[in-house]
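In what follows, a single structure is set out as structure tokens and then discussed.
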Amino acid sequence: ARHTGPPDGGWGWMIVAGCFLVTICTRAVTRCISIFFVEFQAYFGQDYARTAWIHSIVDCATMLCAPLGSLISNHVSCQVGIMLGGLLASTGLILSSFATSLEHLYLSLGVLTGLGFALCYSPAIAMVGKYFNKRKALAYGIAMSGSGIGTFILAPVVQLLIEQFSWRGALLILGGFVLNLCVCGALMRPISLKEDCKTAPEFLQQGYVPETEKQDLKRTFICSPLIKLWPHECLCYCSWKEYDFLLMPGFMVLAVSVLFMAYGCSPLFVYLVPYALSVGVSHHQAAFLMSILGVIDIIGNITFGWLTDRRCLKKHRYFCYLFAVGMDGLCCLFLPVLQSFPLLVPFSFTFGYFDGAYVTLIPVMTADVVGTSLLSSALGVVYFLHAIPYLVSPPVAGWLVDTTGSYTASFLLCGFSMIFSSALLCFARLAKKIKRTHLQSLAGNTALKEHIWTNGAIAYSVTAELDQKDVEFLAVDTNSFSNR
């Protein structure tokens with residue numbers, strides 16, 4: 001049955017639970033790959049930059065293939081896409097446990113596992129947006145908190161698995177764990193919303209098609225021999241122009257800011273553990289820093305989701321997002337001076353909280369810009385834009401570490417990148433507000449002229465533009481009339 005709007009509950013909470021498990025099995029597992037960093041570097045005897053390509057390729061493949069996940073979800077089934085992704089990701093992790101070189105890991109752990117994650121991630125997130133409207137930010141906060149909870153639990157568990165079974169055994173066990181994505185896929189019951197599909201008459205009446213195209217469409221609907229097969233079927237607008245949002249100014253600004261934000265956030269998850277070890281923190285303490293980051297990430301997910309659903313902040317989600325991104329950038333700038341475990345703990349708290357905050361708001365902001373009906377395609381593009389920064393930033397950061405012998409340059413570059421992303425959104429919103437104010441003032445002047453014209457209270461020029469004297473005369477005349 002077609003729903004007139006998102007149900008905001010019911011089976012939607014099972015969708016949230018499924019998306020929660022998807023984020024654990026994809027984003028949390030990807031973050032925990034950084035715990036293998038030192039093991040891979042020691043076993044294969046390679047430098048920082050070459051070893052960092054493993055994490056980069058996983059993230060890049062996940063985001064680069066996100067539109068493929070959206071495509072399969074839109075045209076086949078969200079359930080099929082996520083189940084297929086789970087099988088691919090599990091196969092990649094299992095094959096990685098038999099790796100004999102970094103190149104082997106690039107293909108199995110990087111490409112194959114990343115592709116599997118891509119088929120699961122964006123379709124699961126888009127499904128939450130289809131089931132929720134009024135409580136959308138809260139639903140996303142709960143669903144995407146799986147990344148933080150998963151990191152909190154998996155980071156120490158992975159460290160123990162490496163100590164007990166070596167990195168090969170740990171990867172093999174993770175491969176079995178990731179098969180739970182198939183269970184998540186089974187929960188994704190499809191839903192058909194009224195705004196997702198329109199019949200031909202609805203299409204023409206509600207302004208989805210420009211006036212210049214309506215006559216051609218009417219002729220097509222009337223003359224086509226297939227029209228007999230369509231009287232009770234939906235005509236999906238997204239199958240025609242499902243990527244029209246790419247030309248929207250708001251989406252283009254968001255896309256550019258995402259590029260800089262993704263460049264800034266990725267290296268920290270790769271290098272936090274190696275950096276902590278380099279300043280004398282023990283292996284268990286370094287893994288605990290990742291756990292702290294993960295659990296505070298959960299609080300950021302849920303609290304920011306709940307707060308931005310409140311009436312007082314719902315209108316200001318945009319500024320909440322750019323504030324969270326800017327705060328993470330500031331945290332990165334201060335990281336090089338934090339060289340002990342007691343100082344790194346507050347960093348993990350702060351960075352983790354605001355990381356969870358802006359991650360929750362990415363799909364909410366995307367939905368606000370393009371609408372629910374195009375959310376799956378738009379999220380595919382947004383996560384696709386993460387791909388190149390995720391691919392490039394960890395090796396660039398590793399090259400800076402190898403060249404300078406310090407993490408300072410890498411972390412400063414990350415911080416300034418995220419701050420620029422936030423500043424770009426801020427300037428874009430200010431420019432939009434100034435333009436809107438200007439247009440409103442012009443519209444007000446036009447309305448005043450039209451009102452005076454229709455009343456015939458004063459003389460006007462041939463061009464219908466009032467002189468200042470005429471306006472003053474009208475004001476005096478109106479006041480004298482009211483005094484009577």
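Each Cβ is built from the backbone N, Cα and C atoms, and glycine gets one as well.
Taking TrEMBL as the reference, the stretch among 80-99, 220-239 described by the feature transmembrane segment is residues 80-99. Of the Cβ pairs linking the transmembrane segment (408-431) with the transmembrane segment (319-338) and spaced 6 or more residues apart, 3 or more are under 8 Å, so the two regions touch. Among residues of the same chain six or more beyond the transmembrane segment (251-274), those with a C-beta under 8 A of the stretch's C-beta atoms are 31, 34-35, 37-38, 48, 52, 55-56, 59, 63, 245, 286-287, 289-290, 293, 325, 328-329, 332, 335, 348, 351, 355, 358, 362, 365-366, 369-370, 378, 381-382, 385-386, 388-390, 392-394, 396-398, 401, 407, 410-411, 413-418, 420-422, 424-425, 428.
Ranked by number of Cβ pairs under 8 Å to the transmembrane segment (344-362), the listed stretches 138-162, 286-307, 319-338 are led by 286-307. Beyond the transmembrane segment (138-162), the same-chain residues lying 6 or more positions past its ends with a Cβ under 8 Å from any Cβ of the stretch are 12, 16, 19-25, 27-29, 31-32, 35-36, 39, 124-125, 128-129, 131-132, 169-170, 173-174, 283-284, 287-288, 290-306, 309, 352, 356, 359-361, 363-364. Using the rule of three or more Cβ pairs under 8 Å, pairs at least 6 apart in sequence, the transmembrane segment (105-126) is in contact with the transmembrane segment (12-30).
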